[in-house]
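Worksheet: one structure, shown below.
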């Protein structure tokens, strides 16, 4: 495979030698600690890493002269006796451990975080719209690349109420208690969100300690504290949060929220502040870097591979395979009689040549538009059904099934449909008036319809009525096809894997057991084979990959023997899983590979280009798509192979990145032109969507999932 190469700058800056430790030092906790002692939190506070949980050994990026370290446990400061084990030159430490120790060195010894906080506040002023404030905060990590250590530097945004929390609740403790369970930020460090768990009695001494911490650690002056928070109220209650033991004072905190909770006008105004092109974001990051003393201020230039725009396969009217390079013209024949007709590559047997009972559900607030709505629906379904009659596609039988519904009376329309329902797979097209505040404006209606085995798709009339060129109609049809399990296209060439599986974990209810996650199984053609919920052995238990493999083979009857299998997952392989995976690969005589794909990461590429990928250190930087306001790359952090009882770490390369790019095209829920495919490969994208649907209490229909129906999208 030959890929073109391009060069772009990324947000990586070489760390100066004087800010990198020469040696690291190993210690062990000597004294007894109680069961409440949080070993991870203790080591992380001092910028180190755990080596062995059992014998309480850890490593620090600096030498400790005093053999007693302090551990804060609520109100108490506990002395922890430690003993020295050995020292080791940093160059002899594994890169993934060394990176974290260099980060800990910058954090604990050189106090990089308060310095970044001061710099970003000077460079990027906050924005206020009505009572909502958006401000920027920095984040960072350390990566080793070609023998040098680099600081990966980025900034994000957080939105909060302008008033501090104590004023927001009108200095009323009872009202503050109503916000237990809500998210807050600690004003001097807005990048971390905390969840209020307890509102306690006032404690002036703790208020003084919090103030002292702000002044000493974050380098705020007393005048800055007063100008930001006003006169300090020493009689305010103390709060505790789920994430850490330290107390909080509401006067130093702000209530935060999610973007979908905002009024649309406020959201639009704030988006103009935080939606930046990659080039503009790069300029701001460079400004921050120039003021940071730990690094060279020139960003790293990196060579990227430009992925090939490989074709997809559909079928022509003679059912012969034909190539396409984008999917946005698949249904042009609905509106243009001269357009080429494309047929799907695979139709599930359970709906093949079926007449689907179809309901047209119209929001009663747009009943005056009935004539125009009927024209749109008739044109789409009549033209579609003409073609479907000559193929294996299902037909939509919607005659005399036009109904009005009210969003205030979902029960009424469900009751009406239920009275004439025949217990077969049906379809409903929901035509709505407007987008309501909840994420999916007709989610309740769609879920209740699906309880009756009616798969549905919604569209806003306000948008559809303006669709003169048929783009929205085309998109609507592919969404309907995907929900009905129709695989309209496949990859042009087979992959080297028998199965490519996307794995995501989460919470949901399945039967009488807790569902721990979902695996979406694609075959070698890039086609969805099935969607499989995974039950956990016990409620709340984390899913381990070896258990998932056994579950797929034993409970889901997927043949895993003598196969070449690729797992894509959003998360790391735990050490405890590795030995089991080696054993399973030996028992099954199968090659099992796992790639960790991280959507949330700190990398930024200073370009609007897309369809590109590179390797930095041991990370893959993967940027398959574009957006109008700056695309975030995906990080490929680990690629492991388990074969015949052996484990091998693989290096991210051109071939695997090209395959992952090809899989971003396998989007059965939207039509896009080149460059507007999925951000992550389809198997893990749909696994994530299914887990989110479980969290919203969508019903699980195993029969439909076996055929790859995306009814939950």
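Glycine is treated like the rest: Cβ placed from N, Cα and C.
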Where Swiss-Prot places region 'Binds 3'-end of gDNA' among the ranges 201-206, 207-212, 213-218 | 213-218
Which stretch, out of 609-616, 617-624, 625-632, 633-640, is listed as region 'Binds 5'-phosphorylated end of gDNA' by Swiss-Prot?
-> 625-632
According to Swiss-Prot, which stretch among 341-344, 457-460, 489-492, 493-496 corresponds to the feature region 'Binds 5'-phosphorylated end of gDNA'?
-> 457-460
Among 157, 217, 479, 504, 669, which are recorded as recorded positions, the nearest neighbour of residue 688 (active site) by Cα | 504
Consider the recorded positions 107, 157, 479, 504, 669 and say which one has the Cα lying nearest the Cα of residue 570 (active site).
-> 504
Within 10 Å of each Cβ, count the other Cβ atoms and name the one among the active-site residues 504, 570 with the highest count.
-> 504
Proximal residue to residue 191 (site 'Interacts with gDNA') among recorded sites 107, 157, 217, 669 (C-alpha distance) = 157
Determine, from DSSP, whether residue 157 (site 'Interacts with gDNA') sits in helix, strand or coil.
-> strand
In terms of Cα spacing, which of the recorded positions 107, 157, 217, 504 are within 10 angstroms of residue 479 (site 'Interacts with gDNA')?
-> none
Residue 107 (site 'Interacts with gDNA') sits from residue 157 (site 'Interacts with gDNA') (Cα to Cα, rounded, in Å) at a distance of 21
Which residue counts does DSSP give the region 'Mid domain' (346-488) for helix, strand and coil?
-> 63 helix, 32 strand, 48 coil
